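*Asks:* Dropping a structure here in structure tokens format, bear with me for questions.
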Amino acid sequence: MFGSQVIPPNKSPHLRKSDGEQGNTEMEGLLHSTEPSDLKIPSLPISTAAIMPSPILLWRFKVLLFFLWGVFCCKIGWDSVMRMSVNLRDLFLYEAFLYYNPLLLVTMMVWLWGVNLWVFAQSTISYAKIFDLDQNHLTHREIWKVATWMTIIVPISMTAYLYLYSHGEVSLAASQPVFLYCAVALILIFPFDIFYLSSRYYLLRTLWRIVFPLQAITFSDFFLADILTSMSKVLSDLERSVCRMVHRQVATIAWFEADSVCGSHSIGIPIILVLPYIFRLFQCVRQYKDTKEKTALFNALKYSTAVPVIFLSALKYHVLPDRWTDFYRPLWLLSAVLNSLYSFYWDVTRDWDLSCFTRIFKFNKPSLCSYLLHGRKWVRILQHST
């Protein structure tokens, strides 16, 4: 039993593969040099892969750290708010919400965009070709990695803002949102090949084409412009936050004065609100110039109906109350109803193409639209079209 030669199995994890025949010769020499009287094999170096923890264990550890971090931030934030007086608490929370709400909503949008890419990847839809992306586009895992860092950094800045203000460090508290916004801007324009340089510059180029639609409109151009129209309120809050930072009104209650430079009556708010709709209107006009399709003009008309709603809403703060009630308020209601009905009609019949269901049940004939009722067949149509 002990006198026979001991040979480890070929698939032993303790054996390290080497290049060439030299490695094999050395291993054979090491095995044959073992004395018969030895009761154990000489210890061999263990490979790095054998001592590394499993990916599932690493993932659970990261989730645990993320949970502990969230509890820690919530505990510090709650204690900081409770230190404030009751009269100041509501005003200060609204101001903190104003500074960090835009970035928190953008973070949520990035998470959901990663979910969309994950669904596309599971359905084997060539979304890169649809969105005119290059070969180095970000995958859903990389998008989630960016969203994770945003989820960590933004609440940390907000927690520090609450903690410093509640402990009397007003100047340091005021610097927290300023540092955060400056860091986000610097990361976007950072010229070195880190932090996904090609994707960052692709985003900036797309934004430039949206602001100045001097070339043919691509799918990514009007897709991102549509996202901006949905985030017009976020952009207006962003404008108010940046305005307060420029005029050094952070960590003050100057925002409570509606007629102040950055107050609720500022003319900058309706301008920022209307810009995404103006961009889409110009894109539709440019699309009509290139394709001569009248549908693009009707789409431009839809975005133009949002302009009077926004400016009439802002006009309420700049006219006398009687003048607003007697003349401008009926115009505002009429424009709001017109915009809502037109947008609803366009979304149902054009963007969503739900009129297919009407044709199906009316004529009781199979059509291409009937594939909408069957998810797998609709995915196959998308795959075939791409």
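Including glycine, each Cβ sits where the backbone N, Cα and C put it.
Caution: TrEMBL annotation is automatic and unverified by curators.
So TrEMBL has the following annotated:
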DOMAIN    260-386  domain 'EXS'
REGION    1-27  region 'Disordered'
TRANSMEM  57-78  transmembrane segment
TRANSMEM  98-121  transmembrane segment
TRANSMEM  142-166  transmembrane segment
TRANSMEM  178-198  transmembrane segment
TRANSMEM  267-285  transmembrane segment
TRANSMEM  297-315  transmembrane segment
TRANSMEM  327-345  transmembrane segment
*Asks:* What residues elsewhere in the chain lie close to the transmembrane segment (142-166), defined as a C-beta under 8 angstroms and at least 6 residues from its ends?
*Replies:* 66, 69-70, 73, 76-77, 80-81, 83-84, 92, 96, 99-100, 103-104, 106-107, 110-111, 113-114, 117, 172-173, 176-177, 179-180, 183, 196, 251
*Asks:* On average, what pLDDT score does this prediction assign to the domain 'EXS' (260-386)?
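*Replies:* Across the domain 'EXS' (260-386), the average pLDDT comes out at 77.
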